[in-house]
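Just below is one structure, and these are the notes that go with it.
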């Protein structure tokens, strides 16, 4: 999985039947070098050769698979399928457009393992938002938890999966910015990749007028299901603030966007479980706890691997795709019906 934060690849092994049986295995996170992070940003901006970036992205994923299998002591022949999300460089469901780069056929050839990719295209073509796509996996993992529960993913973009008391009670949508604005600010102002330990945002004061200006974005009044592209929001409102105040205000913006999302949920969650890089920011986690009126904890509290969860989700979805099972539905992406999806790319025969 290569997410909107552009920080690297998360790879995970999962044993599953694509339905309710899930056994998490080893996982690996491999950071992108700064040079490739910039190449990804340039591809999104349209200033880099997308084909070249896609090829390098694919090769890096093949190496991640090799590294993970070596770590786990598992042969390629023992793996049924790879779920390859690719990297999103454009997402505009209103125009029925979503694009993830990465060469699934090449990945199958390099690894010798069948690959499922193109997860979002069928959903978007049918009129769905094409995101978020992990909710069915969240449901499979959360069967033994007290509910209602909310799984909050704070990657580059934030999204929430709400799981109610009954199996069919599921609602998911993007909440607003996750870490993207804060990461970008820290990179621009300090040269670091992210707000380490939330130190910069903890040192500042929230600027209420800048926060109000950002919360006036029409996205927050739109009812779910709804989705975002990473760059749908900008940090223009904090451009004139001191570094720490700007960081504090952007962290508060992420937290307040989750509060707005809570107001769309059918019932208040008894707990919020946070995954994605945002859970490592103590300032952001404190802001969430102060605002949400329910316990807020990293997903590790219930025994999940927060750094592996998205990668595990696409492994799970890949097996569902092989079985023709739905990957999304009306209450997760706004698709008109439960939607199968994904496309199989077979590895060449060995020998």
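Glycine is treated like the rest: Cβ placed from N, Cα and C.
The ATP binding site annotation in TrEMBL covers 3, 4, 5, 6, 7, 8, 9, 10. DSSP assigns residue 5 (ATP binding site) to coil, not to a helix or a strand. The Cβ of residue 5 (ATP binding site) has 21 neighbouring Cβ atoms from other residues within 10 Å, across all protein chains displayed.
Under the heading region 'Disordered', TrEMBL lists 329-351.
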